[in-house]
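Structure first, then comments.
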Amino acid sequence: MADGGAEPPAPPSSINAGEFLLSILHGSPSPSSQGPQHHQSFALDPAIAAIGPTVNNPFPPSNWQSNGHRPSNHNPPSWPLAFSPPHNLSPNFLGFPQFPPSPFTTNQFDGNQRVSPEDAYRLGFPGTTNPAIQSMVQQQQQQQLPPPQSETRKLVFGSFSGDATQSLNGLHNGNLKYDSNQHEQLMRHPQSTLSNSNMDPNLSHHRNHDLHEQRGGHSGRGNWGHIGNNGRGLKSTPPPPPPGFSSNQRGWDMSLGSKDDDRGMGRNHDQAMGEHSKVWNQSVDFSAEANRLRGLSIQNESKFNLSQQIDHPGPPKGASLHSVSAADAADSFSMLNKEARRGGERREELGQLSKAKREGNANSDEIEDFGEDIVKSLLLEDETGEKDANDGKKDSKTSREKESRVDNRGQRLLGQKARMVKMYMACRNDIHRYDATFIAIYKSLIPAEEELEKQRQLMAHLENLVAKEWPHAKLYLYGSCANSFGFPKSDIDVCLAIEGDDINKSEMLLKLAEILESDNLQNVQALTRARVPIVKLMDPVTGISCDICINNVLAVVNTKLLRDYAQIDVRLRQLAFIVKHWAKSRRVNETYQGTLSSYAYVLMCIHFLQQRRPPILPCLQEMEPTYSVRVDNIRCTYFDNVDRLRNFGSNNRETIAELVWGFFNYWAYAHDYAYNVVSVRTGSILGKREKDWTRRVGNDRHLICIEDPFETSHDLGRVVDKFSIRVLREEFERAARIMHQDPNPCAKLLEPYIPEDNNGQGHN
C-alpha cells in the first residue's frame, strides 16, 4: 500500500453483514473464508460497497485527475481499489442492490456495470436522455432480478445498468439536462443549439463550472479538457466558450513562423470586439481562442461576400489559409502587366495560349516553348544571366534592363556631400500655400461612387460564376480596390482561395478562363506557366478589368492592414495618392521595368508617417493584437480596432504640403540606401545585415529595401536593379528640388515624364 496500511480482512461467509461491519468498527477482525473463485477477484470494504455501486475501471485510478496527477492532499484508501463487490454479500445489503460478480477480467470494460454520475461524465456521457440509456432503464424495470452469472454479456462501451441509469436520473432535473445529441450539436453549432433547444443553458454552464472548480480550476496540459490524459489519448468536452465565441476546435501550431514573424506577436491571447470583448489570460491556449474567432466570423460569413469586401477586406478572424509566395505573385503580375501593356504579337500569343490549349488545337511544342519563355522571364536576373552564359548568349540582357534604359535618366545624381547639405535644409516658408491644391488633386483621384457600384456589380457576377463550378472555394478582394488607395478605372484584383495539395492550379485556371469566355467576358488571358497562375479579363458591361489569381492570400491580409492604417489618419491617403500619382506620371511605377509597385509606395508612406515626430501613425503590429489569421507558417496578427486610434496623430499638425515635401526630401537625401531597411512591421529602420539582405557578388537585388509586413523575407524593392535604382533616386531628387524651390510645385511635380527622342528632346 502506498500509505503502509494493512489490508482489512474480507468478510466471512459464516457471519452476517451487520456483525462484520461492527467488527470492523471495533477493530476486531474476524476469520475469513473464501470460496472457490472462477475469476480474478479483489478485496472490497463492504462499507464502501454498501454505499453505492462501482464500475469496472479499465484505467489506472490516478489518471482520473483533471491534470493527470494525484492531488497532494489525496491519500490512498486503506483497502485495495475494487472493481467488483464480493459475491457472497446479501443482494440488498443495507437496502442497496448489489452486483453479481463480473465474469470479465479487469482489463475489460463491463458495459452493464453501474457508474456514478461523476464517472459517467468522465467517460464522456453528458446526459441521461440517450435512447440507448432509456432502453436500459426499461429493461431494468422489467427485470427485477439481475441476469444469471453464467449468462454471457455483450461488451458494449457506453451502456449502463439500470441502477446506474437511475442514479443519473436522480440528477435529470439538475445539471445534466441535455442528451448526447444535443451535446454534439452544441459543439458543432453552439449558437443554433442554444437558441433552438428547450434546455436551460445555465444548467450546462453551471455543470461545467462546478466540475472545473472540483478539478482544481484548470484542464491539464494543452486542450485535453477536464479529465486530462486518460491513457487513451481521448479529448473530453471543452468548457463552453464565452458569449460571442465559437466552440470549433481545429487548433493552430504556435511553434510555426520565423523569427521575424514573432516580433511583437508572441502574445498568447486575443481580444474580441463588441459588447462581450474580453482580454484572455496568457494561460489560455491561443489556438482555441483563434478558432473561436474563426467560428464567430463563419457565423457571419455573409458579411464577407466579394462585393462587400470593398469596405471590409481581409479573411475572417481566426482563418487558417494557404498562400503562394509574395515574391512569386509579384513576378507573375509583373509578367502579366508587361505582356498586357506591350501589346502586339506577344500579347496575342499570350491570349491565344489558353484558348488553344483548352480546345486541344495547340501544337504541344509551341506551347512548351512559350511556357519556357515565360518561366525564363520570371527568373532572377543572375539566374537568367547564368543560363544565357551557358547557351553562349553573353551579350543578352533581360528585357526589363533594356526598357529601364530607354533614355539617359539616372545620369544626374548628386554626390554624397551635396546630399548631406540638402538633407538639413529647412522647409520653404510658403509651403502652406499649396495645401489646398494638393487636397484638390487628392479629391480628384478618388473613384466616384458610380464606379464603385460597377465594381460591385462585376464582383457579384464573378462570385456567382465561381460558386457554380467550385462551391467550396472562397473569393477574396485585394489590392487598391479594397485597401482604399485605388484610383479611378483601377483593375479589380481577386484571389481564388481553394485548399488541397492535389489541385492542379493551372488546369483550374484554364477551366476558369473557359467559364469566363463562355459568359461573354472579353480579353480573357490566362498565364498558366508562371509561378502564380493568373487570369485577366474585361467586363464589356462595366468596362472594368479584373485579374484573378489562385491562393494569393497574403496579399489579402496586407490589403486589410493597409485599409486599417488608412482609417487612422486621413493624411495617409492624401500623401499616398499624391505619391502614387507622381510615380505613375514619372513612369517609376512599373515593376517589370525595375521600379516599385503601388503597394511598395504605400508602405513607404506609412513608414514615413510612423517616423514623424510626433508620429502621425502608430505601429499596429507592435500593439496588442485584436486580429489574427494564419497563412501557412506565418501568423498575421495586429491591432485592428483602429476606431480607438482616430486621434493618435492629433499632436502632429503638419499639413499635406509639408508631408509631401518631407517625403521626397527623405528619399532624396536622408535615406541610407546602402544599409537601411524600411520596416512598417516594427515602425523603425532595420539594417540590411539584420535581414541578411547585404549586397552579394552577381546579385544587386537589395538596393532599396522595403520589408513586407507579414512575409518578412520578401523585399519589395528586390525588383530594382543597378540601373533602375539610379532612375528612382534621380526622380526623388527632382521631386525634392521642385518642392523646395519651384514657384508652382504642384503642377511641376506631377508633369508626365516624356522619354528623350533621338534628338535629345524630352526628359522634362
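Using the three backbone atoms N, Cα and C, a Cβ is placed for every residue, glycine included.
When Swiss-Prot records Ser480, Ala555, Val556, Val557, Asn558, Thr559, Lys580, Lys584, Ser598, Tyr599, Asp708 as binding UTP, the matching candidate from His607, His714 it lists for that site is His714. Of all Cβ atoms in the shown protein chains, 21 besides its own fall within 10 Å of the Cβ of Ser598 (UTP binding site). For the domain 'PAP-associated' (656-714), the model's average pLDDT works out to 91. Rounded to the nearest whole angstrom, the C-alpha distance between Ser598 (UTP binding site) and Asp493 (Mg(2+) binding site) is 13. In this structure, the C-alpha atom of Asp708 (UTP binding site) lies 19 angstrom from that of Asp493 (Mg(2+) binding site).
Its own atom aside, the Cβ of Asp493 (Mg(2+) binding site) has 24 Cβ atoms within 10 angstroms in the protein chains shown. If you draw a 10 Å sphere around the CB of Val556 (UTP binding site), it holds 29 other CB atoms from the protein chains shown. With DSSP states grouped into helix (H, G, I), strand (E, B) and coil, the domain 'PAP-associated' (656-714) comes out at 19 helix, 13 strand, 27 coil.
DSSP classifies Asp491 (Mg(2+) binding site) as coil under the three-state reduction.
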